[in-house]
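Asker: I have a structure here, written as structure tokens, and I will follow up with some questions on it.
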Amino acid sequence: MFFVFPSADAIAQHLSQHIIDTIKRKPNAVLGLATGSTMLPVYQRFAEQVQEHALDLSQVTTYNLDEYVGLAPEHPQSYNHYMHEHLFDKIKLDDSQVYLPSGHCADIDLECKEYSAKIQACGGLDFQLLGIGTNGHIGFNEPYTAFDSQTHVVELSENTRIDNGRFFDNWAEVPTHAITMGIQDIMQAKEIILVATGAHKAEVMANLFNSPIDEAMPASILKQHPRIKIFMDQSAASLIPDSALNTLC
Ligand SMILES: O=P(O)(O)OC[C@H]1O[C@](O)(CO)[C@@H](O)[C@@H]1O
């Protein structure tokens, strides 16, 4: 379940190839996508490979995990903006193929209900890409989120606001709430790969490794998934015993 790679670039290369293989096997694949700095090298490599191989993405659909509440899609720190800048525009995915939960709509409760329902209506996620917060969140499912949750609005923990505050000009601008796919939505994906890179993720990865399945550590539920892989670079894996680490390259 736990895999270590020589570098973040090695993870990006492997993961990008894995996503391409998934699409080649199933051209109408439904992909669950994540944001955050961890995904930047992954999306960069994937976009390069799509162009190199002229991969046909016309039947692919994507669903993002989460979005800040209160930020318009064109806000430079919205996840909608991030996805267009770092992936969708580069690989020319049409707006009709990509879904993000909206944190900027008139009826957010309805948005939550419809987002989970849409994922199910299209047959569920074939593949879900995940990052992890330093407190163990997946999507924006903060510690003590119910494992059977569907898309919902969360109040962001102070820890998460501090972590993500680096992208905003000042503390007052850091959103207090987000809309996120629930843990049950994530767990229903047919395959999941979680990625953690950098020394600042070493502690949470050791906590995840040692944790029982417990809502205090949201990512711990992934240990129950039949097709989960956890990819780390050497820094993020540094507090996990070598004997528990597998390699793929
Ligand atoms: O990759 P980063 O920037 O460490 O973020 C970790 C995770 O937290 C989030 O910001 C919240 O979901 C995700 O976008 C990301 O997967």
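Glycine is treated like the rest: Cβ placed from N, Cα and C.
Keep in mind that TrEMBL annotations are predicted by a computer and have not been checked by a curator.
From TrEMBL, here are the annotated features:
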type	residues	note
ACT_SITE	Asp66	active site, proton acceptor
ACT_SITE	Asn135	active site, for ring-opening step
ACT_SITE	His137	active site, proton acceptor
ACT_SITE	Glu142	active site, for ring-opening step
DOMAIN	8-224	domain 'Glucosamine/galactosamine-6-phosphate isomerase'
Asker: Glu142 (active site, for ring-opening step) to Asp66 (active site, proton acceptor): how many Å between their Cα atoms?
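Answerer: A Cα-Cα distance of 12 Å.
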Asker: Across the domain 'Glucosamine/galactosamine-6-phosphate isomerase' (8-224), what does the mean pLDDT come to, as a whole number?
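Answerer: Summing pLDDT over the domain 'Glucosamine/galactosamine-6-phosphate isomerase' (8-224) and dividing by its length gives 97.
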Asker: Please classify the secondary structure at His137 (active site, proton acceptor) using three-state DSSP.
Answerer: coil
Asker: What does the structure give for the C-alpha distance between His137 (active site, proton acceptor) and Asp66 (active site, proton acceptor)? Integer Å is fine.
Answerer: 12
Asker: Given the active-site residues Asp66, His137, which one has the fewest other C-beta atoms within 10 angstroms of its C-beta?
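Answerer: Comparing Cβ neighbour counts within 10 Å for the active-site residues Asp66, His137 gives Asp66.
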Asker: Could you measure between Asp66 (active site, proton acceptor) and Asn135 (active site, for ring-opening step) for me? Cα positions, answer in whole angstrom.
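Answerer: Pair distance, Cα basis, whole Å: 17 Å.
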Asker: Just to be sure I understand the packing, how many Cβ atoms besides its own are within 10 Å of the Cβ of Asn135 (active site, for ring-opening step)?
Answerer: 18
